[in-house]
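Here is what TrEMBL records for this protein:
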type	residues	note
ACT_SITE	A:Cys90	active site, glycyl thioester intermediate
DOMAIN	A:2-152	domain 'UBC core'
DOMAIN	A:157-196	domain 'UBA'
Amino acid sequence: MLDVSRVQKELADCNKDKAISGVSIDLHGGDGDLSHLAGTISGPVGTPYEGGTFRIDVRLPSGYPFEPPKMQFVTKVWHPNISSQNGAICLDILKDQWSPALTLKTALLSLQALLSAPEPDDPQDAVVAQQYLRDYPMFVATARYWTETFAKRASVGIEEKVQKLVEMGFPEALVRSTLDSVNGDENMALEKLCSG
Amino acid sequence: MASVPKSVSKQAEQLRETGNVAFKKERFGAAIDAYTEAIVLCPNVSVYWTNRALCHMKRNDWTRVEEDCTRAVELDNSSVKAHYMLGRALLVRQDTTRGIKELEKALDLGRGADPSGYMIDEIWAVLAEAKYKEWEDLSDQRAWKLQCLSDACRQALRVHNFLESSPDDDESTASKQLEYLAEVFSKAAEADKPTEVPDYLCCKITFDIFRDPVITPCGVTYERAVILEHLQKVGNFDPLTREPLEPHQLVPNLAIKQAVQAFLSEHGWAYKTN
C-alpha cells in the first residue's frame, strides 16, 4: 500500500526550497490522488535547457517507496537519454538502481543533473544520441530550439489563451487549471473543457 | 492446573473451536457462550479469556473486556492481546495513565514476538492517539496556567511601577520590562508548540519519528519493520550506502530509541498521526 504519510511529507519538503532547488512537485489533479503527481524542473544554467521549465508526469506505484516512481517528461525535450517521441527517461535510479532512501525530490534533482550531463553511450533516443556524438553544435542548437519552443510556451501568451477560452463561456478558474494540466496546449484544453 | 483431567481440557478446546467458528461468522453472542463454557471447564487458560474479551470488544462492552483481560493478564502476563485490549478498555473509561501503560507493555511484548506483525501497527496507532490526547489535555492546562500567571505578573508590574515611580524614572524602562516579561512567557510556552521532529530522530525511509530503530553495519538507522520490508522486496543492501546488508546484521539502536522517548516525553505533539 502507498505510504501516504511519507508522500505528504515529501511534497511539503520538496516545495519548501523550490526557489533554490529548481524542482517542485504537486498533485496532478484536484481530486487529492497522491499516486499521480506533477513535477517541474527548471533547465540547468549553462545548458541548452536554460530558461525552460520542464513538466514531469509522476506516477507512484502502490509499492512506493519500495518501488521506484514512474517518471516521464510531459514537456518535449531534445536529449540523448530522453525519448523525443514520448518523454520516456533512461535513468538507472528510476529502474534497477532505485533505493527507498531516495525521494521524489532527489529523483527530480537527478533528472536535472541528467539535463546537465547527458550520457550518450546509454541512450534512450538513438537519433539524438547520434547527433550528440557526431555533430555536437547541431545538437546544442536543436536542444535550445526545443527548449524555446516547448519549455517556455506554457507561460508565454497564456493570458491570451485564457481570455479566448473564457470568451467561449468557460469559467476562468476552470480554464486556468485545464490549461495548466495540458501544459498550455490550447486545443487540448478546449477538447478537455468540452468533454468535461 | 494439573488437576484438570485430559478429557475436560479436550472438551474445553473443542468449545474454543466452536467459539472461533461463531466469531468468524460474527455471531458474537454464540461465541461468548462457547468461550464461557470453556472457561467454566478450564478457568486457567488465558486464551479463553482473551477470546471472550475480543467478542465483548466487538460489542463495545468495555467493562467486560476489562474484567476478562485483567483475568487473562493474571494467568499469562506475556499475552500481547490481553494487555492491548485491557489498555483500550482503560482508555475508554478515561484511565489514561494505566491504559497507556498497558499498551506500552503490549507493544514491547509484541515487538519481541513478531517485530513486523500487523498488531504492532494497530497497538502503536491506539497508543499514539492516547498519548496525543494526553498531551493535548496537559498542554491546555499548562497554557491556561501560564496565561493566568502572565496576566498576574503584568498587573503586578504595572502596579509596582505606578507606586514606585519617581520623576527621574525613564518611561521606557517600564515598557521594556513588560516586553521582556512577554518574551519570558513565550519562551516558557515553546515546548508545547508543535514544530518539526528533528531529522536525526526520523527514519530515512518513512520520514516519521522512530518507533523501533535498528542500526546497520554502515551506521545508518532505520525503522525495523520498514528496513526488513526493503530487504525482502528491493534487495539485500543498505538503502543509503548501497553496501550489502542481511537481516541478521540489524541491531537495535537503543540510544536513538531513548532519545526518541526523551523527545516524545517533552514534545507530546509529535505523537500526532495522520
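Residue numbers in this text run from 1 along the chain shown.
Note: Cβ is positioned from N, Cα and C throughout, glycine not excepted.
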Secondary structure content, the domain 'UBA' (A:157-196) (per DSSP, counts of residues): 30 helix, 0 strand, 10 coil
Integer average pLDDT (0 to 100) for the domain 'UBC core' (A:2-152): 91
A:Cys90 (active site, glycyl thioester intermediate) in three-state DSSP notation: coil
